[in-house]
Amino acid sequence: MGKKQKNKSEDSTKDDIDLDALAAEIEGAGAAKEQEPQKSKGKKKKEKKKQDFDEDDILKELEELSLEAQGIKADRETVAVKPTENNEEEFTSKDKKKKGQKGKKQSFDDNDSEELEDKDSKSKKTAKPKVEMYSGSDDDDDFNKLPKKAKGKAQKSNKKWDGSEEDEDNSKKIKERSRINSSGESGDESDEFLQSRKGQKKNQKNKPGPNIESGNEDDDASFKIKTVAQKKAEKKERERKKRDEEKAKLRKLKEKEELETGKKDQSKQKESQRKFEEETVKSKVTVDTGVIPASEEKAETPTAAEDDNEGDKKKKDKKKKKGEKEEKEKEKKKGPSKATVKAMQEALAKLKEEEERQKREEEERIKRLEELEAKRKEEERLEQEKRERKKQKEKERKERLKKEGKLLTKSQREARARAEATLKLLQAQGVEVPSKDSLPKKRPIYEDKKRKKIPQQLESKEVSESMELCAAVEVMEQGVPEKEETPPPVEPEEEEDTEDAGLDDWEAMASDEETEKVEGNKVHIEVKENPEEEEEEEEEEEEDEESEEEEEEEGESEGSEGDEEDEKVSDEKDSGKTLDKKPSKEMSSDSEYDSDDDRTKEERAYDKAKRRIEKRRLEHSKNVNTEKLRAPIICVLGHVDTGKTKILDKLRHTHVQDGEAGGITQQIGATNVPLEAINEQTKMIKNFDRENVRIPGMLIIDTPGHESFSNLRNRGSSLCDIAILVVDIMHGLEPQTIESINLLKSKKCPFIVALNKIDRLYDWKKSPDSDVAATLKKQKKNTKDEFEERAKAIIVEFAQQGLNAALFYENKDPRTFVSLVPTSAHTGDGMGSLIYLLVELTQTMLSKRLAHCEELRAQVMEVKALPGMGTTIDVILINGRLKEGDTIIVPGVEGPIVTQIRGLLLPPPMKELRVKNQYEKHKEVEAAQGVKILGKDLEKTLAGLPLLVAYKEDEIPVLKDELIHELKQTLNAIKLEEKGVYVQASTLGSLEALLEFLKTSEVPYAGINIGPVHKKDVMKASVMLEHDPQYAVILAFDVRIERDAQEMADSLGVRIFSAEIIYHLFDAFTKYRQDYKKQKQEEFKHIAVFPCKIKILPQYIFNSRDPIVMGVTVEAGQVKQGTPMCVPSKNFVDIGIVTSIEINHKQVDVAKKGQEVCVKIEPIPGESPKMFGRHFEATDILVSKISRQSIDALKDWFRDEMQKSDWQLIVELKKVFEII
């Protein structure tokens, strides 16, 4: 209390000083005295602030807790908002109360202006925005620091004007602040904001006495001096303020009209949110702190009519009231209860949640608006581009007519005359100028558009520049007709430069096309200069266009007509589609049009054909008929000698296996099984519904089982719809069986297992005319037991491969369990059950896959050379149909081969395609069939890749490109070396098998061919005699060798190995290689020197000279008989050749590293013998004497006998002997 009394006494002294200062200023002589008291007043205020700081902090904390404890919420919202939100409201409320008393009005104006200064924390003249109120404690300091001035006449008017300007600034800045807060403010910032506002209110409440007193003093002073002129000035000021406010409102209205609808909504929502937040905050602050509104303050202030004594009394009363209020506040400061605090916290949490929700909604709405705007802009852009493209295309057409020489202006005629004159001049000089026809026609190259050549880019650039000029002309003509005569100065100069450059080059003069391009560019320049000429030219163009269109209708179907058709199609599609799908359609058409700009005629035709092929494929895929099924393709896989071909022979009633070389299948074969044969084979099956068989037959593919033919097994499995895996019941799963299982797994191909050779079970009684399940029941107990035992063992082996298996008559779920069918190819048991199961599974589970489709799908299986027919290809036709005369594209070794079908040959039903039969010739073949195709240039065809049919000539390049992609992988496998053997086989499949074997044996191959061995093949192989005679060999697999070719090979020294079984060929060739190697080793035995490093054992010197016999330790390498030795430390003295090596009195050929041996070194013939102790000593290391020839001989013929450490020693010795 003592502190407070002291403060009060200081305040009273302060007031006296202020009054004196004001009086001095009014009289006009107190200008100098004014500053000092004001400064002292500022200092005292600071002191007071420091003293009250602790109390203020406590007040803040307690008021935060009692946010919602008071019950009053919405009553005082308007009152609390009005003094802070708008200056307009303040003025209106003032006007109402000021009507009665002018003196009172003046005092209130002064008072209010001072209050505004305190609230907004303004300095003497500079206006600060209201937003500064957000900055908590800094604001309080400013509030206390502000010096108080007495108000003269001029000051009053200025202050009022400043206040209005400041209010406008404040309102704008508050809006900006609210926007920032709504977009990116967190909950914590809003709390800070609330606290700062509360702090300001507290300050206002805590110091009402001094403010009012100072206000009264000013009022008294100003009331005494006020004149009529001042009143008039104030009135004018108010009117001016009103006018400014009206202008500001009009400006805001205009801005709002300019904003788009989306932005309006956004700003409104933000504004409403901001007001709501401010109102809630203000209402809570007023309830908690009890701030006296402006109206109440005005009511409390005394009238201006009273004299100074009355004012003093009032001041004293106010001080008393202030003391009472402080006491009341202390009582309040005791704090709210825990329940109140909890309620307040919950309310705060709810408020935060509400703010976050509003923020999220606002963000979503903004995002939606942005997306809609982007979509609208994209649509506009696409529309614009479409229009531009149409214009551009029209210009292109006119340009083309001009380039063709149908429209010639005066300048063009002159240019042509010049070009003709230069041509004649060149011809007179004897230069041969090639004409267009004489030049060889360039083959069109289809490349990526990124890889364009520079001239093409330049051409397209010129064309685009000319198009831009044209477009500019049109714009000028349409938009600004006055400026038609004045062309832009830069562009024509550039065009003229390009013309001059073109004329300087005599090659450009010689080419008609390039001169026409230059002329075409000229036309566009002249068009701008002469608009009258342009109109005449346009009329001529229209006439020429009509004639051009007629010519195009008659002749050129691939050119502009195709483009027009494409346009029509795209227009129809666009008109039919909905609004949502439009952008994507336009995008795709954009890319087409853009690419048309710089494409050649061939490229346009290419794209047209590509589109046609895609459209046809799409139509075929839609028109799939599930009612009509094609024949399923069934592949037979398994290990060697499991009886694959024998099973098929039993089905076909043929003897193919007996006719094969060694009974081994080495080619892929196909058999067509008709429906009649299926019914015949399955007659013993009782529950087989023969009436409702939907498949027209079956196409069975037989594959080789040998290790080398993995390529053929792979090819066969990739074609088939379902497979038969043949397993020998006596041997179970074997290596190639497991390989086949993995192939089928990778291709996701369903299969059934034939447990073959059940006739080899002891005491088996055959019964081919009954079901195999019934046959098994009839067998003796020991036979049944053996069968069950072996079947279970095989089921376990399948489980090890990750497959569930069960006997077919016990299999309830064929989708998860593989069916095992016991069969015997010899007796015929189980064959009917096998066929029945295949038919059932294909009809039920594979009906979608077997649905009839017109889209051609065919694969080349084998390439064969047949006598009398030339090279033929065996094709499996999976879908669609083939006709005689069709243009086919097949993969070749040197690229795709285009040829025509000269003949379609089919083997008779139930006959093998690969076996020479009396083939039936057909004009048309439907799927699924194994077909032999006769045609031209099929020698270099590659098997295992698709066959394609071109229905129109322009489709050929498209289909070629498709095949090239698939060809790359196959061609990478066949890589020819510079040095190597020559390989020939009857089919590509067996050739691949042979090449695979050579690759694993590390034998290079330099040439391959399919078909019989001719003289030309021997000539090619004989080239190797010069390079490497060991590779002058022809490996002929399953092919005939012509007599003259054999004679030529004998005379040249070329070896021909021929065999019908691939393994025999392997054996013969490996034997030849070994013999050749031995022969060469004998030949190079004396040249090849093996590296060695030996140390002398001095205690074992048996003979020191001629021959030297001593004990040595082999430190590195290997010592062999015949190795020349030398001593590098004694100037490389040669001591002789190792003629004998002994270990424990036993003679050996080689001594390896680490062994201690006795060696006999004899002197080199013709040289004087060297002596131990004279020419070399025990400390010297002996090494073998190597040379470049010896190293080469080791590399070529003794590589197998060398180890890695030996090669390292050679490297070391090379440095010692300085061998390059």
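For all residues, glycine too, the Cβ spot is worked out from N, Cα and C.
If you compare SER178, SER190, SER621 in Swiss-Prot, the phosphoserine annotation sits on SER190. Swiss-Prot records phosphoserine for one of SER157, SER196, SER584, SER591, namely SER591. Looking at 702-705, 714-717, 778-781, 1166-1169, the range tied to region 'G3' in Swiss-Prot is 702-705. Noted from Swiss-Prot: of SER222, SER435, SER1187, the annotation phosphoserine belongs to SER222. Per Swiss-Prot, the phosphothreonine annotation among the candidates THR126, THR498, THR827 falls on THR498. Swiss-Prot records phosphoserine for one of SER93, SER107, SER123, namely SER107. Per Swiss-Prot, the residue annotated phosphoserine among SER164, SER272, SER570, SER575 is SER164.
Cβ atoms under 8 Å from those of the region 'G4' (756-759) belong to residues 642-643, 646-647, 726-730, 766, 787, 822-827, 829-830 of the same chain, restricted to positions at least 6 beyond its ends.
Confidence annotation: the region 'G1' (638-645) carries a mean pLDDT of 76 in the model. Secondary structure by DSSP for the region 'G1' (638-645): 2 helix, 1 strand, 5 coil.
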